[in-house]
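Undergrad: Below is one structure. I have some questions about it.
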């Protein structure tokens with residue numbers, strides 16, 4: 001029997017069941033098969049049929065002792081390692097040979113640079129025993145007998161504090177406003193102070209002032225009857241030749257005349273402003289619990305005194321009335337009440353600050369030429385911004401909502417008045433807003449407005465509000481910031497005279513600043529009361545640079561006279577520099593840093609709006 005199969009090379013294959021072929025026959029047949037196979041190309045499978053097991057290619061291995069690996073794998077591995085080592089060495093060589101270009105941090109902006117200098121002014125104004133690192137070489141310990149030398153004073157230790165301006169008088173009214181402004185700026189912009197490396201410095205400046213204020217009344221008592229309002233005198237009216245801080249021209253270190261202490265017993269404005277200063281500072285120092293509580297207690301005592309002993313501190317023709325006359329105490333009630341609420345969380349203070357009658361007396365509901373102008377005398381504009389903050393972020397609701405909404409609306413109106421498209425205030429040809437309507441010493445009001453505008457802009461940004469309305473017109477928050485920048489840029493030198501009004505900033509700044517300590521050389525010579533007049537009247541620049549002092553400023557025609565004897569141009573003040581510092585830190589650095597939204601509310605309890613009273617029963 002035979003079977004037919006398929007020849008794998010294409011031909012038929014016959015298999016005989018009874019194969020009797022000899023070996024020779026098989027050999028001849030295989031040779032025929034070989035010739036047939038070679039007549040066409042073979043694929044791999046066909047070749048494997050022809051090759052015997054012994055004829056296949058052997059793999060080569062490498063014995064590494066602990067392991068045997070394929071030679072091919074071994075060669076690839078070693079080659080890869082060598083190439084990698086070469087590349088790594090080559091890259092290292094390039095990195096070492098090629099010069100490095102370090103990406104330096106961008107230089108500080110002008111506002112930050114000016115901030116460093118503006119803070120130094122407060123170091124130069126310190127009275128008493130100076131700290132070791134005061135960093136003003138021409139200053140020394142001064143007026144170490146303040147309080148003790150006045151036998152009529154009930155408060156004997158009044159060493160310390162700050163001199164107000166170019167003289168050596170310590171006026172508590174403008175000084176306390178200055179500290180409130182500085183503390184407010186720290187509460188809102190502590191991150192910016194930190195970024196500028198000035199946070200510890202500004203806190204030292206504030207504490208130097210609050211330590212002194214705690215000396216000016218019995219801070220351990222709950223009820224007081226007396227406050228030291230002023231140390232030193234400046235009245236030279238009627239041709240008086242009595243030696244005092246204005247008649248004499250002496251370095252504070254050389255003062256040898258008696259310095260009177262002015263006390264007050266009914267001074268609501270001064271006490272409420274001092275309470276605001278201590279309350280705001282207590283938030284700045286909240287991490288120092290003992291000191292913060294001491295400040296809160298002192299503020300509580302002062303505010304109670306202000307409410308129970310009504311009157312203006314400068315009434316009755318006092319020495320202070322000649323220089324820092326207070327027009328009213330109602331604005332201090334709103335301002336001080338707001339700060340007391342933030343410092344304590346006690347809602348009774350908020351109720352007082354939002355009492356419509358008090359707001360009315362403070363002038364919240366009527367305009368006037370000076371409406372919206374924040375100053376050492378009138379804090380209403382600042383109080384309204386401060387309470388608008390409460391409405392924007394906490395929204396306490398009834399029973400505060402109505403008056404808070406009014407304050408918020410009034411703040412919007414004030415912000416509108418700062419814009420050049422409105423005519424509430426004139427501007428000089430150089431662009432300086434005339435918030436005091438052309439009167440002398442304009443810059444102190446300008447810097448306060450720049451601070452409020454920037455701060456309110458940041459409030460709106462933090463509340464995810466893109467802007468505000470002035471009548472039917474909508475303005476973005478950037479417009480407020482631009483207003484603040486143009487005003488501060490003017491002060492820094494972008495003005496018709498190309499002059500910086502901050503001493504030591506830029507190349508062209510006032511050299512004849514109205515300032516006793518800066519104008520008299522520190523040469524181991526003690527010039528007496530009249531002996532220093534030659535330095536007052538000298539045409540030479542001051543021998544000492546009062547770094548960071550913002551002078552009074554130009555006139556309404558952008559004119560400026562760098563004359564030492566004309567204080568309306570060349571005298572700096574604490575209140576002016578405090579507003580400057582606040583405005584500079586608000587504008588400094590990266591805008592995205594923004595405000596500290598929560599710190600000011602750290603003592604405020606959670607708010608659950610009280611529902612309004614039910615409607616009266618229906619009567620048919």
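Cβ from N, Cα, C; glycine included.
TrEMBL does not curate its annotations; it predicts them automatically.
Keep in mind it's a predicted model, so treat the numbers as computed, not measured.
Relevant sequence annotations retrieved from TrEMBL are reproduced here:
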{"type": "ACT_SITE", "residues": "514", "note": "active site"}
{"type": "ACT_SITE", "residues": "562", "note": "active site"}
{"type": "ACT_SITE", "residues": "571", "note": "active site"}
{"type": "DOMAIN", "residues": "111-584", "note": "domain 'Glycoside hydrolase family 9'"}
{"type": "REGION", "residues": "1-27", "note": "region 'Disordered'"}
{"type": "TRANSMEM", "residues": "73-95", "note": "transmembrane segment"}
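Please situate the listed features within the shown structure.
TA: Within 10 Å of the C-beta of residue 514 (active site) there are 26 other C-beta atoms, taking all protein chains into account.
Here the Cβ of residue 562 (active site) has 16 other Cβ atoms within 10 Å, regardless of which shown protein chain they belong to.
All protein chains shown were included, and the count of other CB atoms within 10 Å of the CB of residue 571 (active site) stands at 21.
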Undergrad: Do me a favour and check the Cα-Cα span between residue 571 (active site) and residue 514 (active site); whole Å is fine.
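TA: Checking the Cα atoms of residue 571 (active site) and residue 514 (active site) gives a distance of 5 Å.
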Undergrad: Taking just the CA atoms, what is the gap between residue 562 (active site) and residue 514 (active site) in Å?
TA: 9
Undergrad: Across the whole of the domain 'Glycoside hydrolase family 9' (111-584), what does the mean pLDDT come to? Round it, please.
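TA: Average per-residue pLDDT within the domain 'Glycoside hydrolase family 9' (111-584): 96.
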